[in-house]
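J.: Okay, so Swiss-Prot annotates it like this:
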- 47-68: repeat 'LRR 2' (REPEAT)
- 69-94: repeat 'LRR 3' (REPEAT)
- 105-128: repeat 'LRR 4' (REPEAT)
- 130-151: repeat 'LRR 5' (REPEAT)
- 188-210: repeat 'LRR 7' (REPEAT)
- 212-234: repeat 'LRR 8' (REPEAT)
- 236-257: repeat 'LRR 9' (REPEAT)
- 261-284: repeat 'LRR 10' (REPEAT)
- 378-399: repeat 'LRR 15' (REPEAT)
- 506-520: compositional bias 'Polar residues' (COMPBIAS)
- 616-642: compositional bias 'Gly residues' (COMPBIAS)
- 832-1236: domain 'GBD/FH3' (DOMAIN)
- 1075-1100: repeat 'LRR 21' (REPEAT)
- 1747-1974: domain 'Ras-GEF' (DOMAIN)
- 1849-1982: topological domain 'Cytoplasmic' (TOPO_DOM)
- 1865-1888: repeat 'LRR 24' (REPEAT)
- 1917-1941: repeat 'LRR 25' (REPEAT)
Amino acid sequence: MGNINSICLNNNGKYRIDSISCSLEGCKLNSKELVENMVALVDKYPLTQLLIIRECKLKQIPVNITNLSNLSELILSDNKLSQLPWSLPPPFKPNTLLSMASITNENLVRLDLSNNRFTEFPSSVFVLPNLKQLILCNNQLTNMNVTLCGGTSNNNGAHQPHIACQLEELKLSNNNFTIFPSIIGDQLTTLKSLDLSGNTITSLPNSFSNLVSLTSLNLKSNKFTCFPPSLCTLDKLVHLNLSCNQILVSPSDHTLGVSLLPSLEKLELQHNRFAHFPMDILEIVSLRVLKLQDNDIDKIPDKIGNLLNLNELFLSENKITQLPSTIGELINLRKLYLEYNKIGSLPQEFSKLSKLNILILHNNDLKFVPDQLHSLSQLLRLSLDENQLSSSDQKLIKSEGSLALIKRKNKLNYGSTMNGTGTTSSSGSASTSTHGSINKTTDILLSSVTLNNSILNQINNNNNNNNNNNNNNNNNNNSSNNNSGTNSLSSTPNGTGKSKKKLTHLTISRSLFRGNSSNLESEKEDFINKKQQQQQQQQQQQQQQQQQQQQQQQQQQQQQQQQQQLGSTASPSTASPITSHITVNSTVLDFEDDIQKMQLGLEALSNLETSIGSNNSGGGDSMNGSGGNINNSGGSGSGCGTISGSTTKQRRGSVFLPPTNAFKLSPNVVSSSYNTLPASVMSGLLQQQNLENGGVGSGSGSGSPIISANSICNSNSSSSNSLLKPPIINTTNLSTSPNLLSQSSTSFLNLPPLNQSSTNSFLPPQHQHHHHHSNLSQSLSINNLAHRLPTSLSSSSLSSNNTYDSLQFQQQQQHHHHNHNNHQNSNQPLATIVPSFSKFKNSFDQLLEEQDFSKKKRETLQKLSKEQKWNLLLQYRNSTLNMLNMKEHSNNSNNNQSIKNSTIIASTTTTTTTNGESLDGSSIQQQITKNSNFQSSRFYIDNLTSKTDISLVKEVHDFLKESGPEVSIFIGMGGIESLLGILQFNLDNAQLQFDEEKVGYCLLCLKILVECTAKSVITTNNSLNLVTMFLTSASKYIIDIIIDIYDELLRLQVIGVSVVLDSLINFQKVKGLSSPYVPLVALLRNPIIEMPTKTTVFKIINFLIYSFSVLEERFSVICSLLKVGILEVIGMFRALPHTSYSLRFELDLFEEVLDSDESELVKKIGRKEVLKRMSNEDNDLSKQSSKQSMDFVRVVMVSAGYGDLKIDLDERTSYANVIDFIQSNYQIKYSIDRYGLFVPAIGSLVLDGSILQSSGSQSRWVDPSKSLIDNGLSNEIVEFKMKPMQIQVLQSVVVVVATNHQKEDIIKEFTIDPQLKCFEIVQYLRTRLDSSSPAFQRKISVLTEDEDEDYESDIYGVYCFSSLESYDQGSWYPLNSRFLDFNPTNTPTIIDVKLMERPLRVLFSGTEKLMKFNPYVPVSELIKEIKNEIHLKINIEDYGISYVPNVSSSNLSSLIIEETWLDPTKTLLDHNDMKCSVVQFKFKPRTVSVMVLVESGIEIPTTDTPYQFVNTNSISEIIEKICTPHQLNPLSHSLYISDCQGQKIKLLSRQNCLRDQQVNNGDHLIITSKQKDLPSDFNVWDEPNDSSETITYSKDRRVSSVTLNKLIEKLTSPEYTQDSEMKTIFLSSYRSIITPSVLLSKLMERHTIPTLVDKERGKLIQRKTRLLIKSWLELETTKNREEVITLLVQNMPAQSIEDDGLKELTELFVDLSTKSYSSILPIVIGELPKCKIPKIIDSYVTFADMDEIEIARQLSLLTFPLYSRIETSELLNQRWSKPGGGPNIMSVVGLFNKISNWVSFTIVNQPKLRDRAVVYGKMVKIANAFYELRNYHLLMAIISGLNASPVLRLKYTKGKLSKNLKDNLDTLEELMSTQSSMKNYRADLAAASPPAIPFMGFHLSDLVFIDEGNQQLCDSRINFKKLEMYKKTIATLQNFSLFPYQFTPVPIIQNYFLDYKIVADKPIYEMSLSAEPRNAERYDIQ
């Protein structure tokens, strides 16, 4: 392939070769060379399967192409072919049988000959035996006369050619056919797809009906005038295109003639002449897509509602004025295009189109926004432009888009508030609405999904306030929103106030006890460590109990065996191992069948029955029939509940191994329910996080709820690697930046185990690193619940071998934040950011093609302006256009990996990147060309087929990740459809040709597209349904990708939920499952799925639940999940030894909504009815008709963590039988004696004030002494739950003994439900304890209307201790945990209800931190704790704690609220008005004592008594206090800091206070006369207002002169608009007037804001000051910058916690002093110019041997480093003329003198005239080379050497020069002429582009003139015009110093000049005289 490589280097084109494919495009070789290289290509790669030669002007194909025996696809489009190499030589006998193998490519399947020059049909293609697809579009064919293929003659003597192939697809579009080719209907009967568009055919022959296999027919743009009747016989036709013809509708019956097309799904009839809607179309009920645009239809018939399957309807460019009401019956319609009609309104029924995604209504006659649009909750694209709407509506549409207009009207249900009652029906009808029926639940899934906007707002507010909710961690434990049965937040319509909240039980994990351990691991450890002895006793007791239970089980088993031997009547398959009196009804196992189906996957369905039978034996509804134990192939790990013995068949195709960066292009911020969590849940979650991190109940007295590395439990299960190891969090970073908590995220690299189960996805060791998007990032922060993206995210340090380094992690976070913002703002129009037309031209052309506008309309649209075209494009593709504004990027380091399985032979595109920064410090945006490794979008679209090689699919994956704007074009061209086509092919051929790797990469591509533009994927037909079908895959990686896609989709409000539910329901129907949630639960139980993926699955489940706003609908979904075994899965996850925080979070969230909804529904319909819904009663009723009726009892065990159990009763079934059965078949954590059977009451719940009595008089506990029938339980439902327990409570009361009040401790007993949480116990006991108890030490406040909940309840807790003597050794129970979790064995303990540590949000230095304080200690101790927490060296006496008292909103208008300081001597409890306040730890004003001295001459008596001033008083106030008593004018005096002798040290600024100027107790001040103050002493803030004394302007209003202080003021003023230019001028030349230290001191003065200045304005000034400092460093040159950095380090600001900007200034100083600066910008170019190395003889080179151009290059390389090192300070005040003042300038000047001297010496050193002339000419050539390189400095050096007197006098030598050289020299001399101040040089330099080197001598002269011709000061003001002139000259020099020359150094040439020693002028002149003596004649010269 050497020739191919040479092609690549010398000609434009793209080449791509791998093991089986070769692509050559756009080659410019001549025909002969091209054919020769093709011959070489065929010989070199004989195994090629795909050969592409496109756009190469190929005229013939080499004959040896037939040697490619494996060739299956040959693409020769866009060439000049007219014949093929397979022609058979005539004559050819008809009956001769030939073997074609020797002359054809017998394996060729696809042949593309489009866009060539065929005038006759290439008959030879029919000799290709396996040809399936033939493309001959855009040729010049007029017929298909096939005569050269042999064949036979028919009865009529007509020749019938022999056709060896069986074509399936034939494309003949855009040829010259006038008659339909008869051979198609006669012999090509195997065709499935036929394209004859763009011809002039008028009719179809009768033989056309022979094409019985035809599924797609395209007859677009022909001359049909009626519907071809022969089409009606095509039963398999799916797609028919008859657009752009002249077909008419029958005027009588308005019919077209369409009939008998039962399979037709897509019908295209646009651009015809329909005056009426074709009525017979409405009978084709299979239609999914109907296109009728650009006709003359004015009315849509009512029967349009018949098309129930219609998905897309195109009716644009008609004359429609109204739509029929029946259009609302098109319930599956997703896309509706109605633009360019005359529609004035929409029918009411239009609102029924609930699935509508795209609605285009622009250019109609709408006069108002239709109300019907408000109900279309799934709209993704809406266009209402160019209607007759109000001007305000039109303005909003233009600026924000049509969807934004709908949202603004607050009617679209994108986030409607929940029903305040929690249900849409009365309690009477509630029981029938969601009666546990799975089918009924499925029916309402899509119609009832709404999101609660108030919840979303609440969460957003929580996140905006960072950790604000942390203060309410305990508040919300027992206080939430309980409005008539809903568990969500209610909001007032206008948002003006909050409705009053009532106390409720809702909080995180507030669930009935499920038999699971508490998830608060860190709290339990603290508690267990304090009670170690007690636990040991408990363990001993448990062991004894277990032994007793084992003995009982053995006895019961023996009894059962004996009874079975006696002839028990129970069925062997359902008999209990305990007793035969219990028969388990099999209906409870119905849903297990569905789970088993899902676990087995696609290949194991044949083994379904045996697998289910083996697992269901033994009774019970546990996951494996053995009591719910986890069977995980030898150990506990990632899976739950496997099916023993199931095997899978090995699939064909490769195994999918995802790339390491396949999962989550950027890691997500994980939350469990996206944007829909209730506020009460949110607050509970915040507390849960706090508890997890050891923040509550630790008894430490203080601490912050930050994440500690020690508080996160690593997963280290030995049996599985699927459990994630959470990251180690850098607590230092978190503690110093609390905002990090709300911004943290992480990513994980999993090491999946080598798969030993039934899957073919074996991972070799080198592929075990699997980058997963784990939800454990949730462990970092709950505050990210409302924003899963990623936004800008900060990464914590990750100490795991499986994580990326922090730099890569941050880049991924920033990238995912961008993807997330795409989702958030996808509806925002981009009209305000119109890119160049070249960027969106392709998209615009695609739009015109897609929408298929009429020719006239296209011409009109093409004439639109750029802005109008962009606006039109926005109407259709607003979800992808944001990509057009993205910068294309290329990662050079990854270029070699972009196409992993391909070798890039060549890419002739040279990428040049130029980085630069403007002089004002703003960086120029980097411009980088597209990654040349990728092909165009069109290439991928054309080649993405079911036969596509996996390498191309991988390349598409990389292309979508890295190609930016090209992705939009890829989508517009049908890229999504191409990917779905590959998936559909693999799904249809799963048993034969399933390619797992290809499927995996296609899904990865879709995942990328979902992240970038989810709406485009959603609006693609059947996309998500198809993706969901792969949930049965045996590859865990494919499952992971699908779950990631779900996760991403659910970020879209409303539509995301609907799409996911829709796909699950479709999956349910296709697979015949009983519930749409079966796939999700099956994944949770699948052992091959890893825990991070299972966590995401559970997160999806939670979000689906929370998306239902109506209580009963939500509970119906929960019940559906209960029936498919979700509780068993939860129990198994809880039992795992190491469970991630994020998974526990999801489990808690599910239990939260289950419990809260259950409790609310119990209040409405009664507990018995609720239990019925939670059970499988409906399934039993459906089967009772076929079974003999008998008594039964249904036992609901939800509270124990299981489902329900239906037991058939007989007279012998006893209470003990049931309990024993449960104990034997289920894992009940606690002693079975603590449980009982409870019979709930009938009817709604009526509370009597006790939280223990949960039902009316009919509720009761089952009597254990009676049989179940005697207990009246026949056909009843009972609940298996824990019995009440007794607790001891300490109550301290005050008694009177002999008139003395004494405290006495009393212990009382109370009965409580052990499943209660501690905060509920607090609530309960506070209503029953004596009022003198510590629980009442603080009064319960009365809620005001604007308060969210009762704040007091959160600060009371349960303090546990064993006896009064050991009271101090007790522990706090976490409020959110169950009492039973910390007292599992009911050990006798005493509890005390008292105030807990109080959490406060402390604000200091702009940072907010949650801390906890003992409410009983003085505030002074709190101040010390805060100081220790912030780790700053501050004077504690200067600081205090302040807060703003809470005031009711009704009083805000009449009160002026002032902050209050906490009294250090009091406790927190003494400050009743600081409830819910954020306290501030800040500087507290105090009095300082100073001595004031008086300067002589001032009539103020001296005194030894110190003055007392408040340190917040300004100096002007203090001067006034001193002068006023003595009748002195304060404005005439100043105040200095002095020493004790009165020596002035520093002038105090009049505007700043004592504290700002570090005046402390004992300091000395001296008051002086202001007249003696020097200008340099004035503070910037003391500068007077603008006047002629401080600033003057020129006529053009430019600054002419200005004082230093005024200049600093202007540069940092928020109002000043000319600061950018002034800043550059000043910073470039400030060293001419002041030193860097003076400038820094002035800037720090300006940054210190006086107290009296407005705070917001002060922050703006500080910000501009910091920006000025940053620009200062950026504009400094290297050495000067080092000097300034040293000053920054020496003047680092002092520590402060005030929000005074010092923290930001310190961070800036640190950043600037550690930042790396680059003075020269790198230039990325192609290959460097080839250097010309001279001949070297004995290590010596002569001048004659050196090339002139190479000399110029090497001298330029020597000059530029010297030139680029010139410092700014060297150019000011003629510093270079002073000794040592300008070393770099002198180096450049010295090189100039050396070269000039060398020129003169080299010329005169030649003894002969001829040699001198040659050298002279060579010097001219060098000078010209310097000019070409824009090295003006050395160009002038050459000219200077040539014009030196020793050379100038050599007239004979110069006379020997050629005319060209003389002219060249004259031109150069004219360019560098000094006349008119070097006008020519100035102009040429101004037009030059870098790299270049100016002539330094000229610019130094300019600087001398500037310095000497302009004074420095004008009346003590800076001459700013002089600085401006300085800047102009310096900028010219510095601009070219950034871009170096790019040549290869040649050391021997450089050393030649470096070693040259300057020769004195006198010897050179003598040599000149010797060469040409004075007055010598020509003949005297040698």
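Cβ atoms are placed via backbone N, Cα and C, with glycine included.
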J.: Using DSSP, what's the helix, strand and coil tally for the repeat 'LRR 2' (47-68)?
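T.: Secondary-structure composition of the repeat 'LRR 2' (47-68): 5 helix, 5 strand, 12 coil.
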J.: Using a Cβ cut-off of under 8 Å, list the residues of the same chain at least 6 residues beyond the repeat 'LRR 24' (1865-1888) that approach it.
T.: 1820, 1823-1824, 1827, 1830, 1832, 1835-1836, 1839, 1842-1843, 1857, 1894-1895, 1898, 1932
J.: Where does the mean pLDDT land for the repeat 'LRR 9' (236-257)?
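T.: Summarising the repeat 'LRR 9' (236-257) by its mean pLDDT gives 88.
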J.: List, by number or range, the same-chain residues at least 6 past the repeat 'LRR 15' (378-399) whose CB is under 8 A from its CB atoms?
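T.: For the repeat 'LRR 15' (378-399), the nonlocal Cβ contacts are 339, 354-369, 405-406, 408, 412, 829, 831-832, 871, 875-876, 878-879, 1015, 1018-1019, 1054-1055, 1058.
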J.: Provide the three-state DSSP residue tally for the repeat 'LRR 7' (188-210): helix first, then strand, then coil.
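T.: Summed by class, the stretch gives 5 helix, 3 strand, 15 coil.
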J.: Taking DSSP states H, G and I as helix and E and B as strand, how many residues of the repeat 'LRR 15' (378-399) are helix, strand and coil?
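T.: Helix, strand, coil within the repeat 'LRR 15' (378-399): 9 helix, 3 strand, 10 coil.
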